[in-house]
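Feature annotations, courtesy of TrEMBL:
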BINDING   A:GLY238, A:PRO239, A:PHE240, A:GLY241, A:SER242, A:GLY243, A:LYS244, A:THR245  ATP binding site
DOMAIN    A:230-416  domain 'AAA+ ATPase'
Amino acid sequence: MELTYGVINLENKGIIYRVSGPVIAATNIDAKMNELVRVGNEGLFGEVIEIDHDKTIIQVYEDTSLLKPGDEVTTTGMPLSIDLGPGLLGSIYDGVQRPLPKLFEQMGEYIKRGAEAPGIDRKKKWEFFPLKKKGNKINFGEIVGYVNENEHTKHFIMSPPNIQGEIIDIVGQGEYTVEDILCKLDNGAVIKMYQRWPVKVPRPFKDKMIPNAPLVTGKRIIDVFFPLAKGGTAAIPGPFGSGKTVTQQQLAKWSDTKVVVYIGCGERGNEMIDVLTEFPKLVDPVTGGPLMDRTVLIANTSNMPVAAREASIYTGITIAEYYRDMGYDVALMADSTSRWAEAMREISSRLEEMPGEEGYPAYLSSRLSSFYERAGIVVTLGGKIGSVTVIGAVSPPGGDFSEPVVQNTLRITKTFWALDSNLSQKRHFPSINWLDSYSLYYDSLKEWFESKISIDWDRTRAEAMRILQKEAELQEIVQLVGADALPPDQQFLLDVARMLREIFLQQDSYHEVDEFQSLKRQFSLLNAIIRFSRLGNNAIENGVEIDKLLKLESRTEISKVRYRKDFESKIGLINETMSKEFKALLGEQ
Amino acid sequence: MKEYKTITSVKGPLIFLERAKNVGYGEYVKITLSDGSSKRGQVLETSENKVVVQIFEGTRNIDKNTYVKFYGDVLKFSVSYDMLGRVFSGSGNPLDGGPKVIPEARLDINGLPINPYKRAPPHEFIQTGVSAIDGMNSLIRGQKLPIFSGSGLPHNELALQIARQATVLDCTESFAVIFVAMGITEEEAKYFISDFEKTGALEKGIVFLNLASDPSIERIIVPRIALTTAEFFAFNYGMHVLVIMTDMTNYCEALREIGSAREEVPGRRGYPGYMYTDLASIYERAGRIDGKSGSVTQVPILTMPGDDITHPIPDLSGYITEGQIIVSRDLQRKGIYPPIDVLPSLSRLMGKGIGKDRTREDHKSVSDQLYAAYAEGKDLRGIVSIVGKESLSKSDKLFLDFADDFEKKFIAQKSNENRRIQTTLDIGWEILSKLPEEKLLRISDELIGKYIRRFKDAPNKAY
Ligand SMILES: Nc1ncnc2c1ncn2[C@@H]1O[C@H](COP(=O)(O)OP(=O)(O)OP(=O)(O)O)[C@@H](O)[C@H]1O
Ligand SMILES: [Mg+2]
């Protein structure tokens, strides 16, 4: 594939034959599949999505009002590509990488069509630090130097994945724009601070590895029960209002990752401005800098053009791969992949394609899997290790998980956080159902937790899960006969399960202490509850009445400790109190 | 302008033309019939050999000899400050016998998407005087918060109460109410208008009426005309505009009608696959813009077919709006007004508008705790219906009583009762104070100390 810096095209013109919403058909044009074209007097961007005899079908990334048969269509000779270089971090883009602040400067508060704005600033100067010398051999994707994109991020400048050769000339340290040539190679190729990449083509790497470390999120139910691996994939399906967006934004805030790409795909405008106003004020848990400095936002809200919604997912994942190629851990959130699938459906139905299940095109499944396949932990072309973790929200109609987008997503993703509206209606947050969710990464991460956090990690977790599962069974009996009819040990188990749900699984995303908990704290909290359970069971065996257990000071204390800044010392005290209280109880017997 | 007499077929709300050259997608169309009456329409598809046009006033009396005029522009609507206090038809013609509006501006009825980067986050609490809303699911200026109801439930009454009582604390800026009727009965319409007149709301309001007897396709444009007007008042005149739209279900039916006339592949339950996008183009027109003082707040009302919240109309709406207020038949049967079921209701923007300096420091805690306790009480009702009350523990019995208290004291109020937010919260504390303190996990010890004790010492004195 040819990679160019400017638009060097052999123009080819045709005319519009038909317009139907975001889809147009053109005739008399010689265009390639997936080629970018300009449509009408305003030169609206579009992409060739089908070639059918003499008709070329194009999806247009902007509003098509008043386009008419006979208007001109021009090819560009290039597929839809985006700019990759310094200046991406902290940006907010539309689905085809036009910076929204630039669109505002050009056309005011509303998004009008026909604007052109490069993804990264062509004039801004960056201080370049070379890491190679004249005579060095450069491989595909090898690092030649870096710029400090912000205080905390070295942005490595790499040769594009299809360029290699011997350096015959390289500039010295100094200030350059992204258009300046930094490096000349013996074969005539040049390296600049930025490269362009076609979004639908995955960026190449040397080798894919097996994920072996967790993405630490600070969320108890995720980290302990259903952990996601760095380089892994997760699906978070749920009906409206169940917490997909809040969960994704929380992960964007707290995950221990270098870069976050957040795609608002066909969702609400207010949710994007939320991120934009909040993130600059928040502190990046990894570097201590402003959170916005590690974030790239892609906003294609539900009222923006449908075809650009389709593109936004590709734009986002391409940016994620680019930072991965520098050797960084990147997390990508896509909210919501259902809107992406619906965009495909809408376009496909305008083409009068044979619909598959629920009207979705037959290629739904392959598009979804090729998207999630772009996640992974890899050895980059430049020999570094980097990862892209992908978390996709799914919005099933009627909250029904048997529909095609959820089902096709679950076939590919390895972590499943099932949101449950029964929980969210009770304001149990995060409303991730602990019985339905799963993580296929846990087994390969177990050792990591045992060696880094506690040797008892797995045992304690398993005990907690057993109690929660047993609770679900007992609930059915309680529904029939009432809790009083159960033997004391089972009544006690119900109480412990309740503690697990209310104290451990629930986590307040709006409380400054509770919203993020370190793995060590998560474990001590869980351990204290499980310890209470063990001591309690022993007490019951020895004839202690259950009412006495429920009134213990240590039990009450555990319930509020997660809100405390002095968590460590407090939990120590609670454990001591617990020992004393149980000793006293047994002494009374 | 171009004119063609090339209609080949007329089907449902659509006409099809051939050999109509240079017709733009979305172009505005006008038809004059032999009796002198005229109809308007919009191009849905255009190609060299076929043009499809939807006719808003319906296709009655159109034949193959009818002339069709294409205007070379999108459908625009004339707006003016003088529209305040007036009643218009679904296509914007005066219905009140008053003069024609002299336009200040002509605006594209589809509006334009607000650049997400220039939105301003909504944060001002609107006091509706209804506890179930203010206390549990607060409405915020610039929010889109629909009422999901069922046929025969008092959603209209509730909407009117909101329209009457809505105020922003400590604020004197000007506001307006725009009322949009889509396919409602004449009787319902009269009910709204007479209430508006009685309370003086009409002086600060605008009404757009598309009644059940009016052409259904007009329902496609009436919300767009109304929102174009709302945006004009909000962003040109800096006013705070509350838009009440009823019934969105009729709007969606009109959308389905067009889809089937075009023989499109239908989506779920026969509704068009693009209904999400279409509804978003209406609901996303709520909001605030950075640097502008006005706002557009939407309270759309929809009746859920068969009371089914998973039906595509409420489902797709819920995925776009910023929460929902659920009107419940169960509570209605119990004689509770407003019969709002708070558990499945939600206001996503609530957190931004409440708390210290906004409403009161304890607002979030009280609301969280009321939710948790009511949910628990309702669960217990299920158990009691099988095993009887005797088998419950003492604390469970308290929760059971709490659920009744909550419905009777907190939710229930008169349709003319305008509760201050402080009163709403105090009622919350009063009923919570009957629960064991150690079960109030959602409230900090500090707040418990400050508020609960007051009610233990002096019960029933809160309001
Ligand atoms: N972890 C949480 N902590 C506290 N509140 C939460 C949490 N998650 C969700 N909520 C509450 O639930 C509301 C809805 O959550 P959210 O917007 O994430 O839903 P969603 O699944 O993205 O819905 P939609 O599909 O309609 O976009 C939030 O506005 C918030 O009030
Ligand atoms: Mg969401």
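All positions are counted from 1 along the displayed chain.
Glycine is no exception: its Cβ is also placed from the backbone N, Cα and C atoms.
Neighbour counts were taken at the CB atom with a 10 A radius for the binding-site residues A:GLY238, A:GLY241; the maximum falls on A:GLY238. Minimal Cβ crowding within 10 Å, among the binding-site residues A:SER242, A:THR245, is found at A:THR245.
With respect to ligand 1, the binding-site residues A:PRO239, A:LYS244, A:THR245 contribute A:LYS244, A:THR245 as residues with a C-beta closer than 6 angstroms to one of its atoms, given in sequence order. Cβ proximity to the ATP site centre (mean Cβ of A:GLY238, A:PRO239, A:PHE240, A:GLY241, A:SER242, A:GLY243, A:LYS244, A:THR245, cutoff 8 Å) flags the following additional same-chain residues: A:SER395, A:LEU419, A:SER421, A:SER424, A:SER431. Under 8 angstroms separates the C-beta of A:PHE240, A:GLY241 from a C-beta of chain B, among the binding-site residues A:PHE240, A:GLY241, A:SER242, A:GLY243, A:LYS244. Within the same chain, residues at least six positions away from A:GLY243 (ATP binding site) with a Cβ under 8 Å of its Cβ are A:LEU419, A:SER424, A:PHE429, A:PRO430, A:SER431, A:ILE432. Less than 8 angstroms from the CB of A:PHE240 (ATP binding site) sit A:SER395, A:GLY399, each of them six or more residues away in the same chain.
Screening the binding-site residues A:GLY238, A:PRO239, A:GLY241, A:THR245 for a C-beta under 6 A from any atom of ligand 2 leaves A:THR245.
The Cβ neighbour count for A:LYS244 (ATP binding site), using a 10 Å radius and every protein chain shown, is 26. A:PRO239 (ATP binding site): 23 other CB atoms within 10 A of its CB, across all protein chains. When secondary structure is read from DSSP and collapsed to three states, A:LYS244 (ATP binding site) falls in the helix class.
Model confidence over the domain 'AAA+ ATPase' (A:230-416) is summarised by a mean pLDDT of 93.
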